[in-house]
Amino acid sequence: MSSIKIECVLPENCRCGESPVWEEVSNSLLFVDIPAKKVCRWDSFTKQVQRVTMDAPVSSVALRQSGGYVATIGTKFCALNWKEQSAVVLATVDNDKKNNRFNDGKVDPAGRYFAGTMAEETAPAVLERHQGALYSLFPDHHVKKYFDQVDISNGLDWSLDHKIFYYIDSLSYSVDAFDYDLQTGQISNRRSVYKLEKEEQIPDGMCIDAEGKLWVACYNGGRVIRLDPVTGKRLQTVKLPVDKTTSCCFGGKNYSEMYVTCARDGMDPEGLLRQPEAGGIFKITGLGVKGIAPYSYAG
């Protein structure tokens, strides 16, 4: 086992950092701060951060094949023009639910942008239940709705053979799997592959590694856990010096580093004194496993 090193590479003070995505061409980490309505890009070489503020909560960001990015802003799928710091709406969901917003999102191997919604929280993880749904934005900009009755639509990724879709609805305390049809984007046969233990708290963001194992950030649990979705066993726990770990992705040279986002919202002054790096961006090295490159939206 190589020795694991955890460092806060960016003391960003995110209210709720989320959706880390590695952009190989710029050696940068993209991420969002949801309630601050910001999309951020941290250059791993210069250590500089560029921030773009939107007009509604920004819950996820993804790469786009034609250049620029796509993001979920409020209840809208948007295209982002980074240079002009502007967003163009591609589609809107949940028109009948004025209190909803998007949460986590990610692009599938065919270039569709998957993202789910939730009711706006009154406090972290406190919200009206069953208000959310899971959607995907196809490259032609039409939207498919998969299911509703979601509490907090969260982590998502696809198996290495693209035949399984993994998904987290946080308040189910479960990591679920679906059969996945890459050609059509259809999902079926939902089942649980891992139930979180009490001390692991709330499952949040998720990514897959090059060995097909899942990494889940545990909100209020201060850790990321590595799971085998085939056996349902937890293989590894990596604890961080902050409680409110929100999401994770691989990046850096050969995708050998893990980046973890976290939150400050909901912490009292004493907690912030105890965890001064809360809201920062963390880099974990020495895991001994690599990730895979993120997919880009094809529209």
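The backbone N, Cα and C atoms fix where each Cβ goes, glycine too.
Database features (Swiss-Prot):
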ACT_SITE  D204  active site, proton donor/acceptor
BINDING   E18, N154, D204  divalent metal cation binding site
BINDING   R101, N103, E121  substrate binding site
MOD_RES   K144  N6-succinyllysine
MOD_RES   K244  N6-succinyllysine
MOD_RES   K253  N6-succinyllysine
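Feature map: Swiss-Prot annotations on the structure.
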| residue | record | Cβ neighbours (10 Å) |
| --- | --- | --- |
| E18 | divalent metal cation binding site | 25 |
| R101 | substrate binding site | 23 |
| N103 | substrate binding site | 26 |
| E121 | substrate binding site | 18 |
| K144 | N6-succinyllysine | 15 |
| N154 | divalent metal cation binding site | 29 |
| D204 | active site, proton donor/acceptor | 29 |
| K244 | N6-succinyllysine | 29 |
| K253 | N6-succinyllysine | 10 |
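Other residues of the same chain near the divalent metal cation site, with their Cβ within 8 Å of the Cβ centroid of E18, N154, D204, are S19, N103, D104, I152, G155, I168, S170, G205, A217, Y219, T246, S247. Considering only the recorded positions N103, E121, K144, D204, the residues lying within 10 A of N154 (divalent metal cation binding site) on a C-alpha to C-alpha basis are N103, D204. In the three-state DSSP scheme, K253 (N6-succinyllysine) falls into the helix class. Take the Cα of N103 (substrate binding site) and measure to each of the recorded positions E18, K144, K244, K253: the nearest one is E18. Put simply, E18 is the one of the recorded positions E18, R101, E121, D204 whose Cα lies nearest to the Cα of K253 (N6-succinyllysine).
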